[in-house]
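Sending over a structure as structure tokens; questions will come in a sec.
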Amino acid sequence: MLPFLYDPKADREVIEIVDEEKVKEKVEEYLRSLQEKGFRITSPRRLIVETILQNWDKHPNVRELLDLIQEKDPSIGLATIYRTVELLVEMGFLHEVNLDEGFSRFEVSLKDIHFHLVCRGCGRVVHLKDEDQKSQVAEEWAEDMGFTLLPQSIELFGVCHECLRKGFDPSRMPQGECRCRRRRRMHRGLM
């Protein structure tokens, strides 16, 4: 796992310390695991894994990955990226994240259960600290109900203090609707 550092000045954001050497190690680890499961290691697959790990903090969607990858190799198409991302999700290397944007984003799986807080007002995404404790509570709850949890990303929607301070009234907003201008434009295809 890549090392993490919690920074209280960053408003509950998680900061990851990553250098090129650690990214290379992780790329090789992922590719070795794919090969052990019988998958070929192609140059497009290697580039996709490298790009995902180099952009771990951006939670990219497939279209964003396509743009980043085609800067390096324009011959790699959307279908190849979709297949590789799907494979990485199935193997547990990536979590699919749904932020109510109409498409999925992907993040590197650093823990079995990963939590996000998503503001319905501005769209800000915050990683929770003390995830291990929250994961343990979720796992105990599931176990009490006769379930075993699978690795996943959990999004908890709400309104941040900044939006509340600015007068945002969450009670006037239909459930599931995001008020973030950037995301509304994306939903309408204007971005």
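Backbone N, Cα and C define each Cβ position, glycine as well.
Note: TrEMBL annotation is automatic and uncurated.
These numbers come from a predicted model, not from an experiment.
Relevant sequence annotations retrieved from TrEMBL are reproduced here:
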BINDING   CYS119, CYS122, CYS160, CYS163  Zn(2+) binding site
When DSSP states are folded down to helix, strand and coil, where does CYS122 (Zn(2+) binding site) land?
coil
According to DSSP, collapsed to three classes, what secondary structure does CYS160 (Zn(2+) binding site) have?
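Once the DSSP labels are grouped into three classes, CYS160 (Zn(2+) binding site) ends up as coil.
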Just to be sure I understand the packing, how many Cβ atoms besides its own are within 10 Å of the Cβ of CYS160 (Zn(2+) binding site)?
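Taking all protein chains shown, CYS160 (Zn(2+) binding site) has 20 Cβ neighbours within 10 Å.
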What count of other C-beta atoms do you get within 10 angstroms of the C-beta of CYS119 (Zn(2+) binding site), across all chains shown?
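Excluding its own Cβ, CYS119 (Zn(2+) binding site) sees 22 Cβ atoms within 10 Å.
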